[in-house]
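**Student:** Below is the structure I would like to discuss, written out as structure tokens.
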Amino acid sequence: MMKFLFMMIFMIPLCFMKNMFWLVQMMLFFMMFLFMNLNLNIMCFFNMSYMFYCDIISFGLILLSIWICSLMIMASESLFKLNFYFNFFLFNVIFLLIMLYLTFSVLNLLLFYFFFEASLIPTLLLIIGWGYQPERIQAGMYLLFYTLFGSLPLLMGIIYIFNDLNTMTIYFLKFFNMNMYLLYISMIFAFLVKMPMYFVHLWLPKAHVEAPVSGSMILAGIMLKLGGYGLLRVMIFLQEVNLKLNYIWIIISLVGGLFISMKCFCQVDMKSLIAYSSVAHMSMVIGGIMVMNYWGFIGSYILMISHGLCSSGMFCLANINYERLHSRSLYINSGMMNFMPSMSLWWFLLLSSNMAAPPSLNLLGEISLINSLVSWSNISMILLMMISFFSAGYSLYLYSYIQHGKYFQGLYSFYVGSSREYLLLFLHWFPLNMMILKVDFISIWF
Amino acid sequence: MNNNSNKMFFLFILFFSTLISISSNSWFGCWIGLEINLLSFIPLISNSKNLLSVETSLKYFLTQSLASINFLFMILIKFSLLKNFNMNNIISIMMNSSLLMKMGSAPFHFWFPNIVEGLSWMNNFMLMTWQKISPMILLSYYFNKNFLIFMIIMNLIIGSLGGLNQTSLRKLLAFSSINNLGWMIFSIMISENLWLFYFLIYSMMISMMISLFFLMNMYFMNQLFINNMNFFIKLNLLINFLSLGGLPPFMGFMPKWIIINFLLINKFYFLIFIFMMTSLIIIYYYIRIIYSSFMFNYFKMKWVNLLMKNNMSLINLSSFISISSMILSTFIFM
């Protein structure tokens, strides 16, 4: 486990040498391959070394983060071509990957918090440094302050736990019961803001719209899943309070997910639509974790992985359009099937996965979540039905608006997708639709 | 009158006076140290290029001597009237108040942002770091816990809210210094070692920032956007301000983390909430200062030529330490 950390640290000097842009990306793919071949044991923590570990959740999320980081570099070729500080960009990506890797793999809860906060700084630098509009400053401030407002009470909670239990090892937390209401709120609020839950979700559309493609990919791909991962770790020692109070978060997130799905229909900005659809999916994930049954955890974990791949792919597609037309607006991006029919295939594949059509991994996640939420309460059937229906609705709306119809008359010429872009989208779609053939890697925990 | 040996003489007496104050056996020795401290700082302020230097030295003299007289009076009353060691009385409150006024802590802070406008960056550095040592240590000898907790809350709130409307960099650092005084007063209530740790790291961060501003000759926020800073200066500025705000993974997080640990051990739950929320406000106005270092291409003026006076290798090294020390230290101790 430490060997991957050292591999990433020593990739940092490589970022600053000349003409090493694609080499860094290849090294990240290589590291992904090495990491995939680690032993995968269920029911326990494996690969433990000095302060690192892996278990099923960490393994999958680290794989996802390495994958998305390497695809981020592949998607940002325009930075290399235009020579826009790509050295520092590579350094940012590798630094972010190191922080995410450490977040998912340290054994100590306080170090988890430390790297969780530390991963915000390169994200902020990515959004404000390489974004396109002047509103990105405000977006960066919203991102930083929403997350910090939630996570400072988390720090207080973690240190309180340390003073009480004299241990911070995540593995040992399941033997304790800390059933205090204030501790519960302070521990989970940070993750709810990060997920994001409905009432504290305002930072996400702003940050996604203003971010460059790499920033959007990493935000949608992994940063939201940090919240889910934290919730999965922290629920264990708060079980009694969970049983009493979780219904609040389930209700807020499900009803909020319904409102957000309806709001997706009103969006004019492509990226804003995809961002709101992220919030709607994550609302189901929060519901699944909070019901605290096994299918709920499985469904939310599967939906986290599949949403990471799917949303990241959709942001790549939105960026492919943006690089050609320099606009994210739906009015300008219509009738694309006339110009880029092959790209229309990829829009369809990724949007159909977004609406949880078979054979995508989203389908399995949503089915598991529907099962677990309905088993918790029959009334949630109505909300889940509406959320799933609307997610199909806005995915089809986006697809049809962009691809079909008459094109915008003010377009200049541009070329159909390059091989790099097709490869990028293929690498997003392939795990998403092929992993459903061997789901026991991600759905059997014990 | 820059860089001459007169100032070096007074600087030497300044250092010596602090040492007298903190290592004396009797309260009179402490008072003597404080008085010599005051007297030797005044000649350091004089600078013919700054229009406010006369006003500054007068204000500094008046406030500090008022505090010293108060301190002397309370010492004498304590000697003559109080023969016990109980710290929960009005005399300890008065002594603490006079020491707080010497430091520039709220609610006696009004002179502090006023006079930083009249001081050069190096004098500011002395005022914000060295001048706080002897009042702090004297505070730890005879403090009134309830009174000091109230003062901490006032420090935190005034330090965070006062800096929101400022554009002068010196005043911003003054308000941030008032806020950090809140953290430092709490740490000195726990242990002197803890205060020393916080103080050393705080002084290191302030020194990096002030030397950066001194080399670039910058005094106001709008100057940050006009000149053409090269990339490494901007990165340094970014790292230093985020570190001062207490964000992980920088070194400024560590003292705040340890103080939060002690706050929770001693069950100060309301106080820690105020610590956290004011620290968020402080981070807000730090980030306002470093907007220019987040954005790579902004509107630059071609006729402004930034000449650095010295080389910056020391500052670069210290910024590197600021990033990596936090991460490396977690690997060692955990």
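Using N, Cα and C of the backbone, Cβ positions are placed for all residues, glycine too.
So TrEMBL says this about it:
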type     : residues  : note
DOMAIN   : B:24-281  : domain 'NADH:quinone oxidoreductase/Mrp antiporter transmembrane'
TRANSMEM : B:60-81   : transmembrane segment
TRANSMEM : B:93-112  : transmembrane segment
TRANSMEM : B:147-165 : transmembrane segment
TRANSMEM : B:172-190 : transmembrane segment
TRANSMEM : B:196-219 : transmembrane segment
TRANSMEM : B:231-248 : transmembrane segment
TRANSMEM : B:268-291 : transmembrane segment
TRANSMEM : B:312-333 : transmembrane segment
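How buried are the listed features, and what sits near them?
**Tutor:** Through the fold, the transmembrane segment (B:60-81) approaches residues 27-28, 31, 34-35, 38, 41-42, 45, 91, 94-95, 97-99, 101-102, 108, 111, 115 of its own chain, all at least 6 residues removed from its boundaries and within a Cβ separation under 8 Å.
Residues 34, 59-60, 63-64, 66-68, 70-71, 74-75, 78, 131-132, 135-136, 138-139, 142-144, 147-148, 151, 154-155, 157-159, 174, 177-178, 181-182, 185 of the same chain sit 6 or more residues outside the transmembrane segment (B:93-112) yet have a Cβ under 8 Å from a Cβ within it.
Within the chain, the transmembrane segment (B:147-165) has long-range Cβ neighbours (under 8 A, six or more residues past its boundaries) at 92-93, 96, 100, 105-107, 109, 113, 139, 171-172, 175-182, 185-186, 189, 268, 271, 274-275, 278-279, 281-282, 284-285.
Through the fold, the transmembrane segment (B:172-190) approaches residues 103-106, 109, 112-113, 116, 124, 128, 132, 136-137, 139-140, 143, 145, 148, 151-153, 155-156, 158-160, 162-163, 166, 197-199, 202, 206, 209-210, 221, 244, 255-256, 259, 262-263, 266, 271, 275, 278-279, 282, 285-286, 289 of its own chain, all at least 6 residues removed from its boundaries and within a Cβ separation under 8 Å.
Here the transmembrane segment (B:196-219) has long-range neighbours at 121-122, 124-125, 128-129, 132-133, 136, 168-170, 173, 177, 180, 183-184, 187, 227, 229, 233, 236-237, 240-241, 243-244, 251-252, 254-255, 258-259, 306, 308-310, 312, 314-315, 318-319, 322, meaning same-chain residues at least 6 beyond its ends whose C-beta is under 8 angstroms from one of its own.
Here the transmembrane segment (B:231-248) has long-range neighbours at 176, 202, 205-206, 208-209, 212, 216, 256, 279, 282-283, 286-287, 289-290, 292-294, 296, 312, 315-316, 319, 322-323, 326, meaning same-chain residues at least 6 beyond its ends whose C-beta is under 8 angstroms from one of its own.
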